[in-house]
Amino acid sequence: AKDKEKKEKKDKKKDDAPAEEAPAAAAAPAEEAAPTPSAAPIHKVGNVFALFKQNQIQEFKEAFTMIDQDRDGIIGPDDLGNIFQQIGREVDPKVVKEMLAESAEKLNFTHFLTLFGEKLHGTDTEGTLRDAFALFDEDKLGYLLEEYVKDLLTNVGDQYNKDEIKQVWKEAPIEGGKFDYVKFVRLIKRGKEEE
């Protein structure tokens with residue numbers, strides 16, 4: 001009975017440990033502390049690994065590795081085409097490229113997990129968020145004036161207080177009074193390391 005209690009305590013500690021990012025390489029991640037599951041959307045978390053339990057991340061990693069047949073850490077058109085052939089489906093290479101186009105860059109493990117996180121947790125895609133900011137960018141410059149964004153946040157829709165704005169502004173890409181919403185969306189969707 002005591003051994004069972006010790007194991008339960010050990011498992012509980014693992015569940016409470018902070019998430020560590022799994023490597024983007026094809027090898028399975030080393031033993032890591034299990035992330036705390038969260039219902040928070042990716043754009044609030046900034047780290048897709050925090051959305052899943054460790055065993056779920058491992059399952060996604062195994063699926064990624066199975067698809068990444070050339071073991072280069074990237075799922076490319078050839079990898080995806082080969083998987084379709086293995087399951088007996090002939091798919092036009094153009095269709096495969098379109099499927100991969102949803103990922104703005106090369107589809108490494110982090111992006112692969114992000115796509116699943118968006119689908120499973122119902123968060124908006126990078127493009128959707130970027131387009132929402134672009135609605136306010138009438139001149140299509142890729143940035144908004146800092147004071148204009150602050151005014152929108154305090155007076156329109158869900159109104160934010162000064163402390164909430166200060167929190168957002170800590171990480172916001174602002175230079176010379178210009179809020180770069182393209183970089184901001186990338187930051188909230190992929191995290192700081194992939195700016």
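Backbone N, Cα and C define each Cβ position, glycine as well.
Keep in mind the model is a prediction, meaning the values are calculated, not measured.
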Range among 1-39, 157-195 that Swiss-Prot annotates as region 'Disordered': 1-39
Mapped DSSP class for D79 (Ca(2+) binding site), helix or strand or coil: helix
Among D68, D70 [binding-site residues], residue with fewest other Cβ within 10 Å: D70
Listed binding-site residues (D72, D79), ranked by Cβ neighbours within 10 Å, top entry: D79
Three-state composition of the domain 'EF-hand 2' (124-159), taking helix and strand from DSSP: 19 helix, 2 strand, 15 coil
DSSP-derived helix, strand and coil totals, residue by residue, for the domain 'EF-hand 1' (55-90): 23 helix, 1 strand, 12 coil
